[in-house]
Amino acid sequence: MVKICCIGAGYVGGPTMAMIALKCPDIQVVVVDIAVPRINAWNSDNLPIFEPGLDEVVKACRGKNLFFSADVERHVADADILFVSVNTPTKTQGLGAGKAADLTYWESAARMIADVSKTDKIVVEKSTVPVKTAEAIEKILNVNHNGIKFQILSNPEFLAEGTAIEDLKCPDRVLIGGRETPEGKKAIQALKDVYARWVPEDRIITMNLWSAELSKLAANAILAQRISSINAMSALCEATGADVTQVAHAVGKDSRVGSRFLNASVGYGGSCFQKDILNLVYICECNGLTEVANYWKQVVHINDYQKARFVKRVVSSMFNTVSGKKIAILGFAFKKDTGDTREAAAIDVCHGLLGDNAKLSIYDPQVAESQILKDLSMNKFDWDHPLHLQQYMDPSEISKSVSVVSDAYEATKGAHGVCILTEWDEFKELDYKRIYDGMHKPAFIFDGRNVIDVDALRKIGFITYSIGKPLDPWVKDLPAAPPS
Ligand code: NAD
Ligand code: UDX
């Protein structure tokens, strides 16, 4: 029986390994992690992450050929193929702070592999890493080899949260990069044989290690660039009376462009886009490619601008002050169908409103109060580092101005304004007349995800703002907020 072990039981390691176990009943898959509570959760009825369809896949194989364990070294020593899916956050200090990927967790995993291995292994980079990481990993493993042979492969993951199970079942492509030596080719074939159980062969692409590593950064940068492009257009739409949804539809109909990933929003979030572009920027700078670095920086800059622009709209529309006013925040996750809040646009928008002394009442169907308070009191980039390295504001300060409630009606009761920051389906179905009746007048609604029916809400009496849509005359006539 082939034995697979995955180091890192997170958003990628857990679902990806569960899918391999489901599709390959003859392979034993063990997912290991140093975070014991996370492993306990994977072994319980309450999985540590919310992902549609994940429970069913895990329950179908857990205890048969899928196992979760905190006994990291034992399972690493036993494995034939080792996936490494640990976090690769943005560095918060030292050289490249705020841009470069922090490979501390990767390196410590590699050193542990070198220490405990007694048999030859294929080591697969599943984490998103800077191009040329495999070279460093090879050096670490081969200097400490004890006669054991390691082959390094790059097999970046393209799943998106909220659709991870579908993405894993029917991937657009699986990328495998490896050395072009006979041993490298043999390792590529071994990993290809695993995916070939359910992925059509023409979707399994093999290439050299550096192309595979860079393709992942390139894919995320180009996806984020599409969002920043349409978000930049949304600002121009608001200034001119064009409607960004109509513009996106027209542009996306061109088969060379395609219609997906052109939804204007309050800004992209998630653990990947910003981190990976900053990492790309840093790699470009290190290679002396200043113009290229500046080009990609602009994608992040527009995203920050979009979040700041949203806050300005809220404050300027509400008579240039939100001080002491209750504002309902509907949605805190970085997108629908996930409880993940990493780099969620809601965090920056809430900080902006709190900076203007608003009182926030927050509701999200999947995010717990403790997580929201933690996110709002933590420094930027700290979320992906171990607890002892995270720096917090005093959470009691945050809770003076923030309450977290269990439904949208409670959040909006007595509010002056509502901000929709995640596109949860349930926000399309709300009884907005009931919400309007319970609010202070004039009642404002700011839709950062274009989920509301603007005309219907205006008929109810709301003053509405929707990203990139023709402005409500009330919003338009107000003086612009001073630049921050
Ligand atoms: P995560 O933080 O959810 O999971 C990483 C896990 O690795 C954590 O549970 C951590 O405890 C564990 N870990 C760290 N060091 C370890 C060690 N030495 N030994 C054992 N366990 C260790 O992260 P994630 O979202 O799963 O992302 C993992 C990687 O995949 C990152 O490089 C990310 O960029 C990439 N990625 C993420 C997504 C996504 O949607 N989240 C998609 C594609 C790629
Ligand atoms: C992304 C990539 O899509 C995935 O391939 C990679 O493996 C990990 O990073 P993820 O961050 O999970 O996945 O979700 P994604 O669907 O890409 O959304 C990212 C952010 O962009 C979300 O905040 C989403 O709301 C936003 N978004 C997406 C838009 O604002 N407009 C769009 O048209 C699409």
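For all residues, glycine too, the Cβ spot is worked out from N, Cα and C.
As annotated by TrEMBL, active site, nucleophile applies to Cys272. The NAD(+) binding site feature in TrEMBL is assigned to 8-13, Asp33, Arg38, 86-90, 127-128, Glu161, 272-275, Arg342. The domain 'UDP-glucose/GDP-mannose dehydrogenase C-terminal' annotation in TrEMBL covers 328-454.
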Handout entry: Cβ neighbour count (within 10 Å, all chains shown) around Gln274 (NAD(+) binding site)
Key = 23
Handout entry: Sequence-ordered recorded positions from Asn87, Glu161, Cys272, Gln274 with Cβ under 6 Å of an atom of ligand 1
Key = Asn87, Glu161, Cys272
Handout entry: C-alpha spacing of Cys272 (active site, nucleophile) relative to Glu161 (NAD(+) binding site), in angstrom
Key = 10
Handout entry: Cβ neighbour count (within 10 Å, all chains shown) around Gly8 (NAD(+) binding site)
Key = 27
Practice task
Just the recorded positions from Tyr11, Asp33, Asn87, Thr90, Glu161, Cys272 whose C-beta lies under 6 Å from any atom of ligand 2, please, or none if there are none.
Solution key: Glu161, Cys272
Problem - Residue distribution over DSSP helix, strand and coil in the domain 'UDP-glucose/GDP-mannose dehydrogenase C-terminal' (328-454) - result: 48 helix, 21 strand, 58 coil
Completion exercise
Cβ neighbour count (10 Å, all chains) around Asn87 (NAD(+) binding site) is 21
Fill in the blank from the handout: Excluding its own, the Cβ atoms lying within 10 Å of the Cβ of Asp33 (NAD(+) binding site) add up to 23
Completion exercise
Cys272 (active site, nucleophile), Cβ-centred 10 Å count of other Cβ atoms over all protein chains shown, is 25
